[in-house]
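Asks: This is the structure, below, for whatever I ask next.
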Amino acid sequence: MTMYVIKRSGRKEKLDINKIRIAIKFACEGLNVDPLELEADAQIQFRDGITTKEIQQLLIKTAAEKVSAERPDWTYTAARLLLYDLYKDVAHLRGYSLRDDLGKYKPYNRKNFYSFVKEYVEKGIYGEYLLENYSEEDFNKLANYIKPERDLYFTYTGIKILYDRYLVRDEEGRVIELPQEMYMLIAMTLAVPEKPEERLKWAKKFYDVLSEHKVTVATPTLMNARRPFTQLSSCFVLTVDDDLFDIFDNVKKAGMISKFAGGLGVYLGKIRATGAPIRKFKGASSGVIPVVKLINDTMTYVDQLGMRKGSASITLDIWHKDILDFLEVKTNVGDERKKAHDIHPAVSIPDLFMKRLKNREDWTLIDPYWARQYITRKIYDGKYKEVKPLPGSHYYVGIKEDGTQDILEPKGLEDFYGEEFEKWYLELEENLPSYAKKKVNSFELWKRLLTVAFETGEPYIFFRDEANRKNPNKHTGMVYSSNLCHEIVQTMSPSKHEKPVLDPETGEITYKKEAGDLPVCNLGSVNLGKVHTEEEIKEVLPLLVRMLDNVIEMNFYAIPEAEYTNKRYRAIGIGVSNYHYCLVKNGIKWESEEHLKFADKLFELIAFYALKGSLELAKERGRYKLFDGSNWSKGILFGRSVEEIEENSRQNGNNLPWRELAEEIKKYGIRNAYLLALMPTGSTSLILGATPSIDPIFARFYKEENMSGILPQVPPEVDRFYWHYKTAYTIDHEWTIRAAAVRQKWIDQAQSLNLFVDPQNIDGPRLSRLYELAWELGLKTIYYLRSRSAMDIEECEACSV
């Protein structure tokens, strides 16, 4: 009996086993796998009318199930089979043949690249800026530059995630582009700000580093560069003032940011505590928790077209009078009315608390409302007859002896760090009335914080004094908190509002607002599996700096404060992926002094060439607007003197010309106020087939369940380096913290530092020691405490690079 298969076009043809074998041969060629094994184990149950799609899916499934730590090459076989399927689907949709005029297999249609993009620009799926900035001739040149063979770099997990989440689809949900077309269109988008005569040159350079998997850009950039709405930034950090208008203005901002898939960090430390007065009515304030719940509910409501809930980290100071309730917002005990299960709590901790903790001394919780009243009056004491809050306003008013008034900027305890903070804290502790403060034992508070962290993985930790001491732009203000993933450390401030003014004739209402600093994360990362020598770093880092600077120009801004801050600071965040693989590839054990030396040498190179790239960009395009007065302008790099850095470089053996670089920076400036931030690289590491960010591997082989299904995970070259890969829950994480401290010397922002602890082999003192060591060694942040399966904690998709 003759059997027929149904092709994608709907046409019937005779079953030809040889065609299946050709597909299997293509998928297995050059790999350490047996094509006959795949053919036999697929056990295809042929029947009349079976579709070619069904046959292909069965082969993909069979190959994916064979992936293991001992036989990792099956991941490339499964990837090729999925690519083969994708090529056929896209060719059928776009109406071209997979064979050229000579019958040679050609998965990419170079001839019609321009007409393809033009069609989907007209349909509103690609952005008009592509046609506005590139001619048909440009498209043809770039189409011919595409390298289809680079598709073979993908693992099965990588291409599956790319297929499910990143490749652009039409209005019916069908994938319309191929991976190398995606990379080229992203490169073209990021090259739009370049001079027209140089645009193709930069598009090719950007394409090369992206498609060779040397770098990757943030999830929003991968998703939205080439689309009409170019929301390319990952995270945003809001500062909420103690004012009802500002609270709800920030709730609105949170909703708008979440609508366009941005992640959020929110600082609530300025808000008065429970029981504080409102307009002189005693005990009227409900405190911080209702605001936390407002943001929580906004994140769940603005669910990004039903795809996923928004994400927000909310930070409160450990001296805030509401801190005890705040620590419980995600626990399963206590009053459910005070819970906010969908936000990520973070705690800001000053040095003074850690000092008192060592001696088990008391700690005073303070209401920021009363602290602000006390400090503001004290600062202006002697200059005015009376200083009092201006009703309905952020400001205070100073009344002079002659009755004239000045508008005054208030200052709270949160507006100081280091010695100034300690001075004011001690004074408040001594002088505030009992209703404005509450005494607790520092150790008991710390113990509760760690217990909650052990149970839930959170709160994140923000060491505020170190963050502000090392802020290269401290001349512009304070850093109160970090972003959702706790790698961004930038100057921030609340916006200031004036009362709305009504025109009674027209009914027009005018709102005036002075924009504060709202940090924006423009992120990208370097794949250390492919880029770790000085020559490689020297080539790639300046390119990545340039790409991210162009993100700022191409970005769509959902809120004006974000654009204002982004254009003033031009902050970027360069991170890394494949760190663990880089170590094992170089024969370096995680728990070793060699690891620390390697990290020191490597991250000095990254820091130097990132700064060098930003310097060269400043020569070409101009320095960032707030450069004058910054540490960079004074020759202070990463919080250290040039002499100290030169000595460090000599010890590393790098001997880089830091003094020459510092002098050039003083003369020309740099383009970007902030440069380095080691973010998580969850989904984008999976696309690259890399180990995530700076984390150790979770296991040598496991299956991860996510939006793309159950996917096999193996680190790079696990068959070759099996015993070199030590897994996260078997590592002594004092080494992790020590390595992070070495890296931090070369990072102007922070690191998304996860700590992994085995519940069976950890106790309270040991856990406390890890956190205390992080503070002692000068870390700025701690991200998750992973005491459960890594798959149980939801990673921030927006920040993921």
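Glycine is treated like the rest: Cβ placed from N, Cα and C.
It should be emphasised that the depicted structure is a prediction, and the values quoted were computed from it without experimental measurement.
Under the heading active site, proton acceptor, Swiss-Prot lists Asn483, Glu487, citing similarity to another entry as support. Summarising the annotation, Swiss-Prot assigns active site, cysteine radical intermediate to Cys485 and lists similarity to another entry as the type of evidence. What Swiss-Prot records for Lys7, Glu13, Lys14, Leu15, Asp16, Ile17, Asn18, Lys19, Thr52, Lys88 is ATP binding site. Residues annotated as GDP binding site in Swiss-Prot, with similarity to another entry given as evidence: Thr219, Asn483, Glu487, Gly682, Ser683, Thr684. Taken from Swiss-Prot, the feature disulfide bond applies to Cys235-Cys521, supported by similarity to another entry. If you look up Swiss-Prot, you'll see 3-92 marked as domain 'ATP-cone'. If you look up Swiss-Prot, you'll see Cys235, Cys521 marked as site 'Important for hydrogen atom transfer', on the strength of similarity to another entry. The site 'Important for electron transfer' annotation in Swiss-Prot covers Tyr783, Tyr784. Residues annotated as site 'Interacts with thioredoxin/glutaredoxin' in Swiss-Prot, with similarity to another entry given as evidence: Cys796, Cys799.
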Asks: Could you tell me how many residues in the domain 'ATP-cone' (3-92) are helical, how many are strand and how many are coil under DSSP?
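Replies: Across the domain 'ATP-cone' (3-92), DSSP assigns the residues as follows: 53 helix, 8 strand, 29 coil.
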Asks: Using a 10 Å cut-off on CB atoms, tell me which of the recorded positions Asp16, Glu487 is the least crowded.
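Replies: With the recorded positions Asp16, Glu487, fewest surrounding Cβ atoms within 10 Å: Asp16.
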Asks: Please identify which of Lys7, Lys14 has the densest Cβ environment, defined as other Cβ atoms within 10 Å, among these binding-site residues.
Replies: Lys7
Asks: What is the nearest of the recorded positions Lys7, Asp16, Asn18, Thr52, Cys521 to Gly682 (GDP binding site), using the Cα of each?
Replies: Cys521
Asks: Per DSSP, to which secondary structure element type does Thr684 (GDP binding site) belong, with helix, strand and coil as the options?
Replies: helix
Asks: Please average pLDDT over the domain 'ATP-cone' (3-92) for the predicted structure.
Replies: 88
Asks: When you measure from the Cβ of Thr219 (GDP binding site), how many other Cβ atoms are you left with inside 10 Å?
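Replies: Cβ-Cβ neighbours of Thr219 (GDP binding site) within 10 Å number 26.
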Asks: Among the recorded sites listed here, Tyr783, Tyr784, whose Cβ has the fewest other Cβ atoms inside 10 Å?
Replies: Tyr784
Asks: Using a 10 Å cut-off on Cβ-Cβ distances across all protein chains shown, tell me which of the recorded positions (Thr52, Asn483, Ser683) has the largest neighbour count.
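Replies: Within the set of recorded positions, the most crowded position is Asn483.
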Asks: If we check Cα distances from Cys235 (disulfide bond), which of the recorded positions Asn18, Asn483, Glu487 wins as closest?
Replies: Asn483
Asks: Measuring Cα to Cα, how far is Lys14 (ATP binding site) from Ser683 (GDP binding site) in Å?
Replies: 41
Asks: In terms of Cα spacing, which of the recorded positions Cys521, Ser683, Thr684 are within 10 angstroms of Asn483 (active site, proton acceptor)?
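Replies: Cα within 10 Å of Asn483 (active site, proton acceptor): Cys521.
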Asks: Among the recorded positions Cys485, Gly682, Thr684, which residue has the largest number of other Cβ atoms within 10 Å of its own Cβ?
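Replies: Top count of Cβ atoms within 10 Å goes to Cys485.
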Asks: Do you see any of the recorded positions Lys7, Asp16, Thr52, Cys485, Thr684 whose C-alpha is within 10 Å of Tyr783 (site 'Important for electron transfer'), and which ones?
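Replies: Cys485, listed in sequence order.
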Asks: Compare the C-alpha of Thr52 (ATP binding site) with the C-alpha of each of the recorded positions Thr219, Cys485, Glu487, Cys521, Thr684, and give the closest one.
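Replies: Nearest by Cα distance to Thr52 (ATP binding site): Thr684.
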Asks: Show me the subset of Asp16, Asn18, Thr219, Ser683, Thr684 whose Cα is within 10 Å of the residue listed as 'active site, cysteine radical intermediate'; these are the binding-site residues I mean.
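Replies: Of everything listed, nothing lies within 10 Å of the residue listed as 'active site, cysteine radical intermediate' (Cα to Cα).
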Asks: Between the Cα atoms of Ser683 (GDP binding site) and Glu487 (active site, proton acceptor), find the distance and write it as a whole number of Å.
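Replies: The separation of the Cα atoms works out to 17 Å.
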